[in-house]
Amino acid sequence: MERLHARYPFFAAAREAVDAAAVDLGELVTRPDEPAVDRAVDRVVSALTDHTIGEPHGDDRIELLSYPVARVVVSLVDDPVVTRTYAKAEAATAHERVLADLDGGDDLKFTTNDTDLTVERLLAEFDLEDEVVPTEDGYEVAVTRYLQLAADLDDPDWRLPRRSLAAGDVPVTRDELLELLRAAIEERVAAGLPFAVPDAIAAELDHAVAAVEDVLSDPAIPTEFADVDPAAFPPCMDALLERARAGEELPDHSWFVLLSFCATVGMHAEEVVAIVDPGDETVAERIRYGVERVATSEGEIAYPPVSCATMQTYGDCVNKDETCETIAHPLSYYETRLAADD
Ligand code: SF4
């Protein structure tokens, strides 16, 4: 296994290295105190708390093996917010490494042409050689692929009307191309997640799943409120409600956080349907299903909404006001505003 594989474990060559090493993940997760499992938990927990994948393990083999184990853990947690946050964190770390490695990174010394990281190699890795061509000033990206990769990028400068088009291609700088590659990495990491995990492996990873779920159910977050008062909703939830009312197809994680927020402040499914007012029974059903999903059978909230930091990662933290400066979670905002309005 090469160091490149440990740094970019989602590369096809890294997957092949794991296969070639004939590592039995089912057997690996049964070993007590297996460092690859600990590192896998660290990858996922760091994604949720810091939006990074934490510090790499000193042993490249352990670092590489921790990636497929982390994917198993994410699959077992089976929460769209966790999946998305994890994929974003892997992509964010990879993006930093790509920048360092391409610019002659100080901590990576490749010795053969096979393992040199180049823009061309990255393009080949993501089947982009025919859709991205170098130019004198940067690169040109085929417009259909550009639209796909830029779809989740927040800055309005990525929108097509703000770009020049050259015969069906979109000119981009090198830095912009690397940003688009970050989106490709996120897409690669998220592909296939969550997947079905055999019961025998799931049983061995109970502790890993519990560690992730502990982070999700942060006890510092207020979860009990005297009133349901939409006037005290934070700006981010107001904005998501507006978009839902306008009939916009929200990304899964945005839907999830909106429904989770509404359920946690005490709204029943029909109240959420009423406040969104979708005018479409399919969307109303989706709301009912979502609200039921975030609650346990005892009516408690199994999946409270994510923190402000994660909302920022999603691009869902918008229209911040003075109260936002004093809190770290949308539910804390709601609690603060309810108390102020009393
Ligand atoms: S700071 Fe927090 S509460 Fe305020 S808009 Fe952003 S995510 Fe919402």
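Glycine is treated like the rest: Cβ placed from N, Cα and C.
If you look up TrEMBL, you'll see CYS236, CYS308, CYS317, CYS324 marked as [4Fe-4S] cluster binding site. Taken residue by residue with DSSP, CYS324 ([4Fe-4S] cluster binding site) is part of a helix. Every protein chain considered, the tally of other Cβ atoms within 10 Å of the Cβ of CYS324 ([4Fe-4S] cluster binding site) stands at 18.
For 228-328, the entry in TrEMBL reads domain 'DNA primase large subunit C-terminal'.
Apart from CYS236, CYS308, CYS317, CYS324, the residues listed for [4Fe-4S] cluster, the same chain places the Cβ atoms of PRO234, PRO235, MET311, GLN312, ASP316, VAL318, LYS320, PRO330, TYR333 within 8 Å of the centroid of those Cβ atoms. Counting every protein chain shown, 25 other Cβ atoms lie within 10 Å of the Cβ of CYS236 ([4Fe-4S] cluster binding site).
Within 10 Å of the C-beta of CYS317 ([4Fe-4S] cluster binding site) we count 19 further C-beta atoms, all protein chains included. Neighbours of CYS308 ([4Fe-4S] cluster binding site), defined as other CB atoms within 10 A of its CB across all chains, total 20.
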